[in-house]
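As recorded in TrEMBL:
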COMPBIAS  A:253-269  compositional bias 'Gly residues'
DOMAIN    A:106-226  domain 'Na+/H+ antiporter MnhB subunit-related protein'
REGION    A:240-269  region 'Disordered'
TRANSMEM  A:72-88  transmembrane segment
TRANSMEM  A:108-129  transmembrane segment
TRANSMEM  A:135-154  transmembrane segment
TRANSMEM  A:175-196  transmembrane segment
TRANSMEM  A:208-230  transmembrane segment
Amino acid sequence: MSSRVRLWVFLVGAAGFAALFAAACFDLPAFGTVPHPYGARAMHAALSHHTANVIASVNFDLRAFDTLGEETILFSAVIGTVVLLRQARDEHRKDPEPATIHPPVRRFALLTLPLALLVGLYVIAHGQISPGGGFQGGVVTATALHLLYIAADYRALERVRPLTLYEIGEAAGEAAYVITGFAAVLAGSAFLTNVLPFGTLATLSSGGTAMVLNAAVGLEVTSGIVVLLARFLDQAVEIEEPGEDDGNPRHTGGSGGSGGSGGNGDDER
Amino acid sequence: MTVLPYLVAGWIFLIGVYGLVTSRDLIHAVGCLAVTQSSTYVLLLAVGYRNGGTAPVFADAPTNSRVVDPVVQALTLTDIVVGATVTALLLALVVQLRKRHGTVDPDALSELKG
């Protein structure tokens, strides 16, 4: 199909969609005034389980089984990326050359790193009380680690990031979620039922299993994002295409760990 | 105009699909898919909005205060992170395509290779 025909097919389809969608929109209840029966019930359920953050309660209590499915999509997507971006047989590794970093950039990154790490962990830990939770906090924590790449260099990042540990962490997050679900079965309820004591509203120990599942998701998202970014950085920084290899091939499968090879003077920078 | 937020969601959807249809670059296509996906967030959040509503978090708000619908917010929240990782998976596919076929133009990827 030529691009012109394709565009015309799209335009006809888009016009049809636009007409139907607009008609549907004008039939919807007016913006901002709708009664929300599901929302009201979710709020009631969350407050009866002493979870201050209703969204966390929906995710980790009312829809805990759905969240298990979503977490599994995340888990599989990360595994798929790791498999796709592995080092092929005809590719070589090359040690990345350290680049100069402007002092203000470095100062700013070093200043922000502990702060961002702390904020990420705080957001994960307070998922059942304040806006946030495992999904958001996990992304903040994982990206905070990568400020080290901006502040120092790739080697330094590799040293604080033993990749195997994060791969295990990702699997452990997924496993912890399933185990929490089966713990409820052992306690005599259905899978993923909230069986723990609910605690006091708006304290750190409130929400029962919502708190545990939130932590499991936080662990998985943090580890998953670190592994993802590591694979993409590997491709960008280390792995050479077969054609453009200029000596110094490093045929190692795993990264990091080889601190002995860093003796070419870029450690004290 | 009270239907504007819904119409904006439809417009974002169409813009994303238009980009997918006319795309000459797979990285651009993955970006367009992400835009298309984000139209559902706008639609969900528009459906859940209540006039004068605050965030559905009762840590320091009184429990009878008027809040926006938490169910659609929860749906949006999980989809954002899951969508980000799926985008990463698609980009990884593009990286491999570029390596094996030497191009990221979807029209140039007609032949099989094996």
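Cβ coordinates are placed from backbone N, Cα and C, and glycine is handled just like the others.
Listed stretches A:108-129, A:175-196, A:208-230 were compared with the transmembrane segment (A:72-88); the greatest number of C-beta pairs under 8 angstroms is found for A:208-230. Each residue in the domain 'Na+/H+ antiporter MnhB subunit-related protein' (A:106-226) gets a DSSP state, and the totals come to 86 helix, 0 strand, 35 coil.
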